[in-house]
Amino acid sequence: ALADTALRQCLPCGPGNRGRCFGPGICCGVELGGCYVGTAETRRCAEEDYLPSPCQPGGQPCGSGGRCAADGVCCSADTCAADASCLEEGSERAEEAAEKNLTVLDGSAGDLLLRLMQLAGRQQGRQPGLL
């Protein structure tokens with residue numbers, strides 16, 4: 001009975017069967033460089049609906065019930081989205097994302113500092129008792 005409920009790996013798909021099905025119209029793989037959605041490469045994935053046992057795509061859990069499907073991509077059975085938690089460590093895209101986050105952080109910190117200085121300057125220029 002346990003073998004009946006065990007999840008199997010989803011069907012291979014895409015060019016050279018280098019991807020895995022994530023839904024009836026989604027085929028993804030690191031070797032594919034991303035995902036095919038609703039294309040000829042996903043036709044085989046529709047067969048999953050007719051197989052008696054459920055499958056679970058590989059990859060770490062991500063997003064809302066999805067799994068990491070390719071570098072920086074999280075997919076559920078219905079959709080795919082960019083997800084930084086799916087970036088492979090050390091990949092060029094992971095390094096770019098880290099740099100962008102650092103830049104955003106630096107920009108926010110700079111904006112905050114500038115705003116605080118402006119507020120401090122206004123406070124110094126005011127006379128006591130005036131609003």
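Cβ coordinates come from backbone N, Cα and C, glycine included.
The record in Swiss-Prot pairs C35 in a disulfide bond with C28, which is drawn from C27, C28. Checking Cα-Cα distances from C74 (disulfide bond) against the disulfide-bonded residues (C21, C45, C55, C68, C80, C86) with a 10 Å cut-off leaves C68, C80, C86, in sequence order. Among the disulfide-bonded residues C21, C28, C45, C62, C75, C86, the ones whose Cα sits within 10 Å of the Cα of C13 (disulfide bond) are C21, C28, C45. Spatial neighbours are here defined as Cα atoms within 10 angstroms of one another, and by that definition C10 (disulfide bond) has no neighbours among the disulfide-bonded residues C35, C68, C80. Between C68 (disulfide bond) and C21 (disulfide bond), the C-alpha separation comes to 12 Å.
The shortest Cα-Cα distance from C55 (disulfide bond) to any of the disulfide-bonded residues (C28, C62, C80) is found for C28.
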